[in-house]
Amino acid sequence: KLRLTLQWKPNCIMNSSNISLLALNDSELNESCLADHFNAFEKRFILLTDVILSSLIFVMGLVLNSLSVLVLKRDIGKSSMSVLLLALSTFDTVFIGLSAPYIVVYMGLGVLVRDSAGVQLQTLLNASPAIQVALPAVWYLGSAARTARNWIILIVALDRYTVVQNPFMSGRRSNPRRSRIYCISVSAASLLYNLPLLLEYTVVPHRCLPLNVSQAQPERLGYVYMLVYKKLMHFIFLSLGPVLWLLVFNALLIRSLLVASRIRATITREATRRTEDTKMLVVIIAVFVATELPGAVWQLLLDTNFEKGNWFYSYFYSIGSLLTLLNSAVNFFIYCVWSANFRRNMALALGRPPRRKKLQQPKPAAQRSLRFQTDEIRLEPMNNRKTEEAADEVELSDEPLGVTEEQKRRQLLLMRFE
């Protein structure tokens, strides 16, 4: 207010008291901008969650999801579930590749690192022209990948439930071609759903530094936008809605597994593989619910005014972001533990054929006859006196001319066996 008064009223007298008051206001404003808003415990918490653990999950997720894509590609022409899981691994890879640098560099190091003048790295990044263009795109694509991931898991659960309920119609209702159509539709719908996020970012002057910075200001789009899109639609389509539907599907799939276990003696090999895939999907859904539920609860507890202090620097935000990254990185371990077909395809993809039982080579005829004779001798009852007496009679009897020792031995063995 003092600056505006001096600008629009040049006839006012600039005495020493006005100059000292202006200098005092500027110093207080700069000190508030450069002040450290985190205590020692909060800094250690941000360093642990947003920097160290997020970096480890980032590396692990990229490597394991890339390996999952390589393995699942070998079976996309045979199984619809392989197509859907391939899409899930692809969306997880995109989400981790875009979100992890945002969390590690922008949200973690951005609030901990300062330059020589005391300005935060996050402020310097927001003032960069390249970041001002890239930041909205990264936020948009990362959110779209997360949305597609959540919806793909729902489709996988629905696909598996239809197969379990009516296995005779599984070829018509669940096939690779239809699964590809689902994946393309989910990708397009997630991109359209997250388009309003591009309107949230704007370039504004910094409140005390001579910089133009890029900031996310969703509240400037109005209260209706904040309530309908950021609250209601987020709960229905991204957080609570998918979690509740997955809980229902998980209960139904577990029930089908219990029924299948009662008739396991009559199921075929194909049915055994379907049961194996259902078990794997139950574990995937359980991990998804456990990792996404804290973030959904955190969103539910937020006020409708969406204060930035709560939005960015809450403990729930760091924990929820970490669990979301973890959810996108651990599916590879679930595939390896619960799917024998995935392990077999992984061995083939890595150039190591799966182990097979060694077939015993047929032995020569002489060895087979000798082994057969030995087994027959072992079956001989040792306390059978009649057999021993008959054998003695054969040995002591007069044999006709031309009978060899081999023929005598065969007669003896035949007598003992009888």
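Numbers here mean position along the shown chain, with the first residue as 1.
Glycine too: its Cβ is placed from the backbone N, Cα and C atoms.
In TrEMBL, annotation is done automatically, which means it is predicted and not curated.
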Could you tell me which of the ranges 357-378, 379-400 is annotated in TrEMBL as region 'Disordered'?
379-400
When counting C-beta pairs under 8 angstroms to the transmembrane segment (181-199), the leading stretch of 84-104, 124-142, 235-260, 314-338 is 124-142
Long-range neighbours of the transmembrane segment (235-260), counting only residues six or more past its ends (CB under 8 A):
146-147, 150-151, 153-154, 157-158, 160-161, 164-165, 193, 267, 271, 275, 278-279, 281-282, 285-286, 288-289, 292-293, 295-296, 299-300
I'd like to know the mean pLDDT over the domain 'G-protein coupled receptors family 1 profile' (64-335).
82
